[in-house]
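Undergrad: Before I ask anything, let me first share the structure, which is written out below as structure tokens.
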Amino acid sequence: MENILGGKLFKQVTVAKENLLRDLRLREGKHISKFYRMSKMLGAGSFGDVWMCVQRETGAHRAVKVTKSKIFENKEKDAPKNVLEMQDEDESTAASQELKNEIRILCQLDHPNVVRIHESFQDDHHTYIVLEICKGGELNDEMQIRGKFSEDDVAKLMRQVLSCINYLHNKNIAHRDLKPENILLENNKDLSQIKVADFGTAIQWDPKNKQPFKEKVGTLIYMAPEVFTGSYSEKCDIWSCGVLMYKLLSTRFPFEGEDEVTLRQKLTVGEFDLTSSEWSSVKPDLKDLLKGMLQTNPDKRLTADEAVNHAFFKRKPTDALVIDIDKSKMKKKQLEEVESGAIIKGALTNFLQFSAKSKAKISIYSYFTSELLSKAELNIITSVFKELDKDGDGVLKYRELMDSYKKYAPELAGEFEQKGNGLLKMVNLGCRRPGNLDDYVSYSRFIMAAMKDSSMKMRMAASVRMSSSTSQTSLTS
Ligand SMILES: Nc1ncnc2c1ncn2[C@@H]1O[C@H](COP(=O)(O)OP(=O)(O)O)[C@@H](O)[C@H]1O
Ligand SMILES: [Mg+2]
């Protein structure tokens, strides 16, 4: 531990997510290429390209969004204390506003279906946002390959998207550009782990003084009718989800128009087909959900919470173990654990035994979970998290944890009841969020606490070894 605290790694540990922008300023002059090696291009965006890159120190693969624009035009020394306190500068270009917005919002998000931000850099011409990589590409490409999706696959996908939207709306954030190009697959062809990306046009509202959104942003064919009128709310995201879901099931859009005028005419009438022969085999609960999401009147449209808790997503008997994970690359032992349910019990046991009484230890643990956990390990615990998050709001409430202990590890339920609030407080130590720290646990904190302690320690040790060998290499080269 001394090694870590005294060495290079501690500097990284202390860079909290909220300070990513400050980190960006501090690193001004230190080129991203010192930390990452660029590899192949992953996608093209409106303001720049996204590349795969490899972290030099750890060999980890990441994605980096490169934009030909700088966040800070002048090199003032005083960095903002907190990314959330950043003021928009008048002279900023549209691209730099979008970038700032994207970083500011991503830094607040911690959900299994939101692409995670790692850090950001700036040089004389570009800003770089380093993100978790999704190697499976865009949902859009998968839709072109597959054509129609089965109802089970639609349920699998849409529950994740809606869980993300429910989480965002609870945080007073609307995405405003939901479409299959911005939904990424973690692994090729695998629908069990998707990530929502591209928060450039997302918006956060003030709950004490909520004003309608005015900007006409998003992608025409996925835009809710009220967006065209210039006065709308977060319900625009539900509409986009409805359009996406319709397209997944039929390969067609519910409302089509070559231009804005014809599309708006269709939207004013508000009729879409659910009766033709291709819809005859689609079950009524699914049609009911589509109707609820594609209500032209936003007041009558389902909320994200109502949508994710709709009967369509509850088709599976609640007692069934629905751990949903790509099993193709799993080791035999892991597969047995997943299939027998032992994996959930193991995670709940680790969670109960989690012990870290200081903020420093917690920040080291959370650094290691976010930076060094392998994708395979992360995917397994993520699938447990999703299984336990029954109401799909992207956090585990005390009640959900209690129910999980009763269901999957009844012999531990008493101990959890005893430790419950204190345990949650400890796991959440240092979290900066409104409300009590013993009400719920967020995604990354659950992952941190549910990881096997021994596995965490092994990774720490390996990383320290790697770090010292890297510094030796650079000294000798
Ligand atoms: N984390 C990521 N992992 C893999 N590919 C990504 C990642 N982020 C973005 N991409 C690819 O780059 C494209 C553009 O990124 P996006 O954030 O949507 O930028 P823009 O705001 O310009 O549309 C995406 O549609 C996707 O193909
Ligand atoms: Mg995009």
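In case you wondered, yes, glycine gets a Cβ from its N, Cα and C as well.
Curation plays no part in TrEMBL annotations; they are all automatic predictions.
Sharing the features that TrEMBL gives for it:
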type	residues	note
BINDING	Lys65	ATP binding site
DOMAIN	36-313	domain 'Protein kinase'
DOMAIN	376-411	domain 'EF-hand'
Undergrad: List the helix, strand and coil residue totals of the domain 'EF-hand' (376-411) as derived from DSSP.
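TA: Reading the DSSP string over the domain 'EF-hand' (376-411) gives 26 helix, 2 strand, 8 coil.
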Undergrad: Around Lys65 (ATP binding site), how many other CB atoms lie within 10 A of its CB?
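TA: I get 26 for this one.
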Undergrad: State the three-class DSSP label for Lys65 (ATP binding site), counting H, G and I as helix, E and B as strand, and everything else as coil.
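TA: Note: Lys65 (ATP binding site) is in a strand by DSSP.
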Undergrad: If you average the pLDDT over the domain 'EF-hand' (376-411), what number do you get?
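TA: A mean pLDDT of 92 is what the model gives the domain 'EF-hand' (376-411).
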